[in-house]
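Asker: Below is one structure. I have some questions about it.
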Amino acid sequence: MFLFKKLLSNAIMPLSLCVLLLLIGLVLLWFTHRQKTGKVLVTAGSVLLLAVSYGLGFAPALKALEHEYPPVTAVVGDAKWIAVLGGGTFSDAAIPLHARLSEASLGRLVEGIRLYRQLPGATLLVSGGRVYGSGSDAESMREMAVSLGVNPADIRVDEESPDTETQALIIRQMVGDDKVLLVTSASHMPRAVGLFRLAGVNVVPAPTHYVVQDNAGFSPAELFPDSDSVLAAQRVAYEYLGIVWAKLRGII
């Protein structure tokens with residue numbers, strides 16, 4: 001079920017849809033008499049690709065998700081746990097430890113360690129299992145945290161969870177009724193908070209790893225397509241699909 005969910009979600013991401021529409025349209029134009037349908041599909045794929053490449057509509061939607069919860073700027077003195085949700089890792093032993101963590105995982109971990117240093121006595125909980133044969137998010141984050149000076153005795157690990165829903169259930173068993181600072185990417189936070197609170201975890205959102213950022217002024221680079229816009233489109237589609245899927249199942 002987990003693998004099917006991942007395959008389906010990736011198949012209907014904006015960039016995948018662009019390629020699919022263009023491919024089908026080109027096949028119809030070159031190899032069939034369905035010229036009108038082919039032109040419609042190629043046009044639709046091109047328009048969607050343009051929107052994705054420039055972030056048209058996607059960036060504002062992602063920004064709305066990212067700013068649903070404010071970042072933690074003051075010490076939450078009664079929080080006993082800091083739960084950092086993994087966002088991907090690589091198993092290539094030939095590269096440095098920090099490079100094995102995805103950008104999301106590294107950003108989340110750094111924020112978790114920052115909060116840990118402000119809360120003497122708090123426990124750093126790193127969470128995330130193996131996906132697609134990769135290394136364990138949690139174990140890689142634990143190793144990185146120790147290398148950055150976190151006391152190994154202050155770290156707990158959940159490396160069984162393949163997704164956010166399972167993380168919420170397992171972490172609930174680990175923390176009980178204690179208050180938890182929940183650290184994840186800002187765009188992922190609304191869905192994560194919904195799942196964790198449904199599981200009974202007393203969480204305080206601590207978002208980080210913002211994709212959409214306001215620029216101080218105009219840049220000539222804004223006239224051209226860029227990978228950041230594609231990332232924003234993929235990210236917002238993934239999160240909204242996750243929210244819709246969870247609501248259809250009645251779990252948030």
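A Cβ is built for glycine as well, from the same backbone N, Cα and C atoms used for every other residue.
No curator has checked TrEMBL annotations; they are predicted automatically.
As the structure is a computational prediction, the values presented were derived from the model and not from experiment.
Sharing the feature lines straight out of TrEMBL:
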type	residues	note
DOMAIN	81-242	domain 'DUF218'
TRANSMEM	12-31	transmembrane segment
TRANSMEM	40-62	transmembrane segment
Asker: What parts of the chain pack near the transmembrane segment (12-31), using Cβ distances under 8 Å and only residues at least 6 beyond its ends?
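Answerer: 37-46, 48-49, 51-52, 58, 230, 233-234, 237-238, 241.
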Asker: Give the mean pLDDT for the domain 'DUF218' (81-242) on the 0 to 100 scale.
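Answerer: Averaged over the domain 'DUF218' (81-242), the predicted model reaches a pLDDT of 94.
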